[in-house]
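Only one structure is covered here, and it is reproduced in the block below.
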Amino acid sequence: MLFAIGQRWISESENSLGLGIITGQDNRTVTISFPASDEIRIYALASAPLTRVLFQKGDEITHQLGWKAKVVDVMIRNELAFYLVQRLDNNEEIAVQEMELAHQISFSKPQDRLFSTQIDRNEHFVLRYKALKHQQEQFQSSLRGLRGNRAGLIPHQLHIAQEVGRRIAPRVLLADEVGLGKTIEAGMILQQQLLAEKVQRVLILVPETLQHQWLVEMLRRFNLHFSLFDEERCADFDNPEDHVEANPFVAENLIICALDWLVQQPKRAKQALAGEFDLLIVDEAHHLTWSEDSPSIAYELVMQLSAVIPAVLLLTATPEQLGQQSHFARLHLLDPNRFYSYRAFEKEQQQYQPVAKAVQSLLSEHILTVEEQNHLAELLSEQDIEPMLKVINSQADTEQKQVARGELMSNLIDRHGTGRLLFRNTRQGVQGFPHRIYHQIKLDLPTQYQNAINVLKMLGEIKDPELFYPEQIFQKMNADATWWRFDPRVDWLIHLVKSLREEKILVICQDAITATQLEQALREKEGIRSAVFHENMSIIERDRASAYFAQQEEGAQVLLSSSIGSEGRNFQFACHLVLFHLPNNPDLLEQCIGRLDRIGQRRDIQIYVPCFADTPQIRLAQWYHEGLNAFEETCPMGAILHEKCGAKLTEFLTSDTTDDFQSFIQQTHQQQLQLKSELEQGRDRLLELNSNGGIQAQQLANDIAIQDGSTELIDFTLNLFDIIGVEQEDLGEKSIVISPTGTMLVPDFPGLKEEGVTVTFDRDLALAREELEFLTWDHPIVRNGIDLIVSGDIGKSAVALLVNKQLPTGTLLLELVYIIESQSPRGLQLTRFLPPTPLRLLLDIKGNDLSHQISFQGLQKQLKPMGKNMATKVIKIMRPAIEQLIKQSEKNVVEPAKMIIEQAKQLADQSLSAEINRLYALQAVNKNIRPEEIEQLESQRTLSLELLNQANWRLDSLRVIVSNKE
């Protein structure tokens, strides 16, 4: 290289430094200053990663004073360039030394980079093209936002997520039974809305005890980084340095906070209302008490928020558990105009009873009675269903009957009263759950406990609830006493653990202290590997404990958890549950069992309850088991019966006499059977069908499973890491560690931690080991990796050697990749119809396009890399021909680009018009179709077609190919 002071060069490895000036040179080194970034670099003369910047006639330059000009002529004097230029602002011709050029410069156009000899490796060009193709495919994939979460492929969850996630400003009630995954459904809906850029700002309101659960779930399952808001965090905004009070709720886009906290802090509630959120999620919404005369403060606050936030998801208990009045209150939050009166709602619900019977007949495949046919015809009055009814009641073959029943069912689902607002799945409707097997262990109460109870009773220092926890009563008398040395429950637990050496066991205690002391007992007595898990631990500590418990080899056999600490954590890989303490109400009991009894559990669940004879513990266990059957079945009526029988139950639990207790249990059991029967009769089978998605939902799960099994993502991602310079260490067991390095092509890889991260592409492994990142096309690391390539300069210009004995040596081909794209507001989601679409051309020296005859992969197999020095010479020699071919490509691209844009317009028009027409048809029979939803869609269609009509194309990258015989 020939250097001279004053010459302008750019760094090949650090493009962001700008245009440099040679400031010094000796026998071994060259010094270059980069004024734009205020940096100085010293390079070895022989290997300086620099490229000389020399503009040519017709190029546009920028002067340091800011004006632009077109190069008319170029002169070299003493190795320095002088340009005769014509200013663009006043047409004046003026001579400019290269030292006067603006310091801020970047060669982002592929032809500029090529002619300034900023040539990328051939493999970089290939990666860029593949990244563009994958980006296009992912934008248009119907699985986007559904496949990327760390969860099993559960059809009903995927169906609800897809159905709700694709709506504009969805407002729905998610009311699945416990254990069916409402949180996952909400997360998938949220993820779809975020990826589609329909929403940006999200507020999640939860009970205080569930804040960390949601924080962990959103991060671990969906890679969403929420912020936890409380008074301490918000107080920092109250005394700003500039004395202008700021709203803390606008500081973050994704926020979780406790609803009770907002209720108790009116100032914060007001700030949340002014936060301009796009989506509101409320967990445990059934706790919002309401009556026509006196709604609770919490209910009114959520009502105010739902009035100013367009999209609302309410997670709640099933309507059967809530009762009709409470169920109406949730629907009123979603659409107060539609659900304006409870009496009107009651009357409307009664109208669906005959329909429910007809649905039952359709499901049971009986012949439809005349009455049932009339009711169906009345409900579907806008269409002629007579042909379908005839097929169902005829001697037609089974397949024809199924098609007719399916079409009727589909029409009923679309027109069902609350079908668009309410989704509710039951275990009976979903099925596939394992059995729950109850083991009661009856033990003698140690004399140490009995003596402590007697003494404290005499002193009047014992409260009734404390009788459930004799070890705590014992420690009241002697805080340092080690109760676990004589408590028979501990020896029984140790024996159980030793007898189940290959099994994982979850033990739930009432409090953190007992869990910690039990861990000490297991460790000191038998050296059993165990972990503790409670609310006093940080999220990171709980994550470690959970990961330790999940490890199959060298992991903890036992996890000892407090009841609060275990909330929201699921351990489906275990099937043995020990309830060291019994919760004091059926809903909490179901939550405890629900840690194991969830979607994804493949084995029967063994539930162990060690109790002391003749104590409140064993009587409560008896009432749960014989009265409610709450251990071996889910008990949706448990809360109702507990409220009705709670006072009487407390009397029996705290009384020394057990007279009539058995009779009381029998009465409870009869009421339980009656309520169960009423719930079964009241099952809304049509709603269940709408909620579980049927065959389509199963197909959706299958499609994602097929994509999970493809190696395309793995091949692309590992190649991406290789080229960017991310270090990879294969750990075996389908996992690798990826870490940033100092030699990466980019200064930072968004989403990749400095200390590295362990990842897997295997869904089952990711479910079993929470510490692994689950890489999918939706994962931030993959999406950010694609963005790094397509939004940067990597692979924009390349030169390759084509080994082909049939072609004359030196034959020139030019491969060009254009991008067809539309500029539009995020919320329109035009990428569904026209994502940034790569259009490849392959021109010969005459300008003929050979791309249809020679595929990208077919050509790539024949190419070899070309050295930098040789490539630079080729570009210099062939520049005129290359420039001519680039001009020719601008003509070649017009027709195919216009065709792609026209196809996108047709797709947008068909898709949006079909949805608008469907909603208009439904609106006539289903009041849940909001007028504003149709208006939004119509506006969206008009604007979408206008913007697609303005779509354009640009040259993204190019590759010069020169043939050789060998």
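We count from 1, first residue shown onward.
Each residue, glycine too, has its Cβ placed from N, Cα and C.
Lifted from Swiss-Prot, the feature list:
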type	residues	note
BINDING	Asp176, Glu177, Val178, Gly179, Leu180, Gly181, Lys182, Thr183	ATP binding site
DOMAIN	163-337	domain 'Helicase ATP-binding'
DOMAIN	489-643	domain 'Helicase C-terminal'
MOTIF	283-286	motif 'DEAH box'
Per-residue Cβ crowding (10 Å cut-off), top of binding-site residues Asp176, Glu177: Asp176
Assigned conformation of Asp176 (ATP binding site) - DSSP reduced to three states: coil
Of Val178, Leu180 (the binding-site residues), the residue whose Cβ has the fewest other Cβ atoms within 10 Å: Val178
Secondary structure tally of the motif 'DEAH box' (283-286) (DSSP, helix then strand then coil): 2 helix, 0 strand, 2 coil
Other CB atoms within 10 A, centred on Gly179 (ATP binding site): 22
Cβ-based isolation winner (fewest other Cβ atoms within 10 Å) among the binding-site residues Gly181, Lys182, Thr183: Thr183
PLDDT averaged over the residues of the domain 'Helicase C-terminal' (489-643): 88
Secondary structure at Thr183 (ATP binding site), reduced by DSSP to three states: helix
